[in-house]
């Protein structure tokens, strides 16, 4: 039965007067694909055009749209908006275009949900980006608009996206080159892990320092550039958590030469959404292998707290929280390759 039709099949607004108010939340997302011409106007995470700062304007427009949803969608109820937050991140996708990932989260305490408000907000923010950038190029695509979370009401929706991070580092002194560029499987290992994660994740990124992969076989892969001073793997993990706080992260380091589909599938199958992370367990000492793990949005608060107190070791950070530890099928599965001798054992 369609609730927006009465007994005479005439449209109506649903009567919610008998419903009980409660906390409700919805998160929607979409992607705006922009041509490479826009890169000339990009500074950090903002696009500066004659019309003004694009991202800031999009956030303002999207917030206004959230509050005006009932004026735009005929049968939406007017309701109080208690919170509205946008997360917008610009990432490079290959050489010929870039993408803007938008998320809009809306909160209320009322009798009906706010999923339409979240969808309206993220859509208008995307349209605002289109409007401001169309003078540079009309080759702009708005895509993948969807609701990814709804809580409160009759039914919860939890479609937390899974993103992947290939955790790289600098040049290894003992190996003589960056581990992401070492060939274990007939291609640079960073490319191998990227392709592996792409089978399971909506988006995959390489961690990077500024310009780290220019002039290498990895230069066309999407990257997340470390925010602030680089302090090892912690920087890449925290940057990912900060860039997309509402998603799950499958994080694999290039140190792991034996990583394969079976290991990844086991990690995903046993992941706990109610915990900070699910990781493989170190066979010798029982600590979480932080560089081969499934991280939930709960990890952001933990890693931010660790950064604030000067703790930069991912293993020690995870030991501060409840984690799901799973045993590898083979002891060498999560072995780190740190020397030419280790590399020789593979080949």
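Each residue's number is its place along the chain shown, starting with 1.
Every residue, even glycine, has its Cβ placed from backbone N, Cα and C.
Per Swiss-Prot, region 'Molybdenum cofactor biosynthesis protein C' is recorded for 1-158.
Swiss-Prot lists 75, 76, 77, 116, 117 with the feature substrate binding site. According to DSSP, residue 116 (substrate binding site) sits within a helical segment.
Less than 8 angstroms from the CB of residue 131 (active site, for MoaC activity) sits no same-chain residue that is six or more residues away. Residues or ranges marked as active site, for MoaC activity in Swiss-Prot (evidence: sequence analysis): 131.
Residues annotated as region 'Molybdenum cofactor guanylyltransferase' in Swiss-Prot: 159-347.
The feature GTP binding site is assigned by Swiss-Prot to 167, 168, 169, 179, 226, 255, with similarity to another entry given as support.
According to Swiss-Prot, the Mg(2+) binding site annotation covers 255. DSSP assigns residue 255 (GTP binding site) to coil, not to a helix or a strand.
Taking CA atoms as the reference points, residue 169 (GTP binding site) and residue 116 (substrate binding site) are 42 Å apart. In the predicted structure, the region 'Molybdenum cofactor guanylyltransferase' (159-347) carries a mean pLDDT of 86. One way to see the shell of the substrate site is to take the Cβ centroid of 75, 76, 77, 116, 117; the remaining same-chain residues with a Cβ within 8 Å of it are 69, 70, 73, 79, 112.
Under a cutoff of 8 A between CB atoms, and with a sequence separation of 6+ in the same chain, the neighbours of residue 77 (substrate binding site) are 13, 16, 70, 111, 112.
Checked against residue 76 (substrate binding site), the binding-site residues 167, 168, 179, 226, 255 differ in C-alpha distance, with 226 being the nearest. Between the CA atoms of residue 75 (substrate binding site) and residue 226 (GTP binding site) there is a gap of 45 Å.
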